[in-house]
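Chemist: Here it is, the structure, as structure tokens.
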């Protein structure tokens, strides 16, 4: 006993000395803090560079890989990421530098440069270089993509196998260095003005796939850890969320100190068992994320960690080796974290757990934080380190019982245990017992011994059979351990079940409620094999009779006789190992908790109705689609790990855990571990046969995101397939924030690619809008999803409190996600800003009591909005933003309070450049989409920003130096000039025509002349209002603008109405002659011509006044400049109904009448004697006159499409702007009676004519028919005064010779020269002084009327 006591005292003294010496040897502190997720900011004062410590020398290498993350903050012509100088200090062996945005790789004094300007300011860039002896030049990767390098150094290139990287050199980060008199000298002017992170070195060439897909793994030569660098005190690493890395695989290397109670040494076999149990117990205390122990290996001291520790602690190791009862080993463990965990947090928190002292049975475990190394690992593969030999081992003396296990001797020297159990804490005796049990079962289990080290492998496999070659049996080394008690499970089919328990317990007594309840639960349930998991004490409730007090009050008043009673609710999970069925187990748990519990002065009671026990179902069957293939996971028990064979390589296994979370009442599948499975879906085309369903939508998106991220440059078929899959996901799934984030990220990757997006622009816009429209399940009033090239923000509207809503975007640097802010004023750095007026509240619909939602979208890639058949000169100079209202019954447009959109120019606008506010019209360019200025105009514009005002919601942008039409700028200017000059000329001549027919009474005695006068008045008003429109619009007065727009609309309709009435009059005169009588003929025409347009415009002003407003001119309205405003009809429906359809109807009727009249006149000419027929020029002049009269030239506007559009626009502008001029020519200048009236009233001297006494004498004489004498016929004449309202008829005898008329056929020239008038009642009697057939040969046509018909009288 005295010797044992002495040994313990010696052990305690040595432990004390070790713990004291460890910090002294390391400068007084433990430098084990992780650098992962942190950066070194070299912009700080006195933080210029990092230098590798001397004890961490880089070895000689025949191949290497170096990766580092660099962020340049200030621009300098030359900068340095790192330099590694040859140990002879003469040259740079390996280095990474830059010249501005260009990258330089230095290797053995040679320089290679990439000139693609990839290393931009203010962005993080992952830069990697690889080289091996077999390569003639290095390879470089920027952000996972290989870049082209060009040799810059003169001389011979590298020859294969010429060089190796020398070991033992000096390494600096952020600066280049040299040596002056064997002292290091830092090069100035080439330092990195920015930050650096994740510098790692590998002694092998990493593939492009490894660099791109394993960016979170650590190097094997140099790790990203603080302890290996010399730095100034001010150069402390700082956290940077952009450098955070999540990874599932980790390797732990450490020095394990095991102290036995009896003072004896621990052999390597027992060390392996103790290490396994210790790590299992330690990981149970690790609460960051579920962590699984994959493999544990134990080596003799110094076999593994010599390189990692750099011999810095050799003295400590020797000291430990001389202490009695202490044994030291190198330990290596591989961990699997599910799900992935942040590397930095994993290192810090796991380091803290492993640095604690533990006691496992009669063993005490001690570790040193300076000898604990935790690194993210590429994969859970065996450590390639050669197994070192063991020189000596010692047996553990018998304490109470020796357990000897006899196993077959195998050829392998590795101990491997295959078990179905989970990785849980077990004692050595339990492990041995498990080994015996499995060995005796139908499964064949192999156990082999190894003198170098011991290894434990735990695999989840219930059906796999391990076949081995059995050699003659020998007795294995004896495993000595203490006796551990074990509980014998009941007979029968034993299984583990999990239950959720929710109860309310009444505590009568003092103490911490949580401690009291957990003690009660453990004592009550553990005796029946029920374990309490995930206990959570809810907010306590108090009995009504008594008031609860703080826990500390119980401690103070412990002696009080009156105990306060409180009631507490709690929930926990119960793990039950039993052969009972579910119902019986639930009853058992309920019965145990229903029993009153008393411990000392504490009494606990739970009422039966307040104990709720529910069974937790196993994880259901689940089909999981991955790039490694389709895995159909079967129903599996809670907390179990299922395994399936890999699709591409069936000999490998995939694992997945059925996980029970502490905050959930259901078991869920965790993400599977597919690390051993090979990829079978290599490209997007491999997904063609995978149908999208509600269950696999998330899996499909994960696969697409992975594939697109690997290869953004998709061909046309792959891009189409991706968009189709995204549309299918939206159609079959409920869009959650998670699914929405996947879709936005995929779309962003597509936008940043070099793909031709022209055919898919509308599809992409519809996909992103559908994501926002169908988004559900997000907390709060708004949700924003951002990616580097795209962002959407969904805002639920409270109609009762809605006043204004704004949306802004900032920080759109390449590679970084934009920042979204709602209801904040714009500030410097804002690239897009939208302000919605309060008026849109009136447009919010109510659909099934669903609140309206506003969706904002931002597109950071202008190349998405390409134009098909772009004629050139068009350039989108801003990002594009969009706003829409979800649940709206129709588009929100024609707002009186405009939507304000402010956009930042991508390139600075010069003073002589114009901008144009536009929106994306999905229907333009044959459905490909295009820009349309309708409803938007420029409010103000500077060199950097343009503010637009729009009366509707859609996708907004600003075009720089583009015309508003598909024609070039020169043609637009010419057309604009023609339009305004033509309207001005027409106004002048229309005024002359109106004055002529108004002042000269004899010219307007007949109906056609009166119709012509009204038409000229309408056209004159139309031209004048059109010319003044832009000037009046410039005042910006809303009411005045409506008045001008309504007036212009009115005169346009009256002009076409009088054109139609002129055609009707011509139809009555030449086609339907007999039995036509219209009382108050001209009065009714005036009511129709001026009244119908008045009714239409009046109704619009009264019912839908906002249909009129200010608008920028578009294709059909040629403006003087891009910024000219125009008051006109803005509503599309009103425009097409009251303008387009009205004009089209009149033109259709006029064209029909025109054809009928031509046919009628042609028939007359056929029956006319040859000598009386008119010439071709006279016929053409008559046709031209009728064309302008009936307004048929306006039909050119309906034909202005396709390649002839420019030509037809010229024709349209010339003919219609000069319509008034042509009316003047045909109906004043070329009309003989008008010329004679001018000479009578306006001329003097020789040019003046004497006024005729009778109007009939002004008629033009028609040549006498020579071949045949005219036929005569008796007729009935209707004699009536022009102003009479009654008709007086007289019948004339057929024998009378006084009233005969000659019947001849009218030619086209006669129709043009003379006039016909609508019949009053039958035929009108000829004047008494005129004979139908006179000696001088004057003849009248077959249908002579007193007032002539003028074919040029019907205005267009």
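Every residue gets a Cβ built from N, Cα and C, even glycine.
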Chemist: Which range, 944-970, 1106-1132, 1133-1159, does TrEMBL list as transmembrane segment?
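Modeler: Matching range for transmembrane segment: 1133-1159.
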Chemist: For which of the residue intervals 884-905, 906-927, 1082-1103 does TrEMBL record transmembrane segment?
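Modeler: TrEMBL lists transmembrane segment for residues 1082-1103.
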Chemist: Quick one: sort out which of 832-851, 852-871, 1012-1031 is the transmembrane segment according to TrEMBL.
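Modeler: Comparing 832-851, 852-871, 1012-1031 with TrEMBL, transmembrane segment matches 1012-1031.
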Chemist: Counting only CB pairs under 8 A, let me know which of 977-1000, 1012-1031, 1037-1070, 1133-1159, 1207-1229 has the most with the transmembrane segment (1082-1103).
Modeler: 1037-1070
Chemist: Who are the long-range neighbours of the transmembrane segment (1207-1229) in its own chain, taking Cβ under 8 Å and residues 6 or more past its ends?
Modeler: 967, 971, 974-975, 978-983, 985-987, 989-990, 992-993, 996, 1012, 1015-1016, 1019-1020, 1023, 1118, 1181, 1184-1185, 1188-1189, 1191, 1193-1194, 1196-1197, 1199-1200, 1235, 1350, 1352-1353, 1355-1356
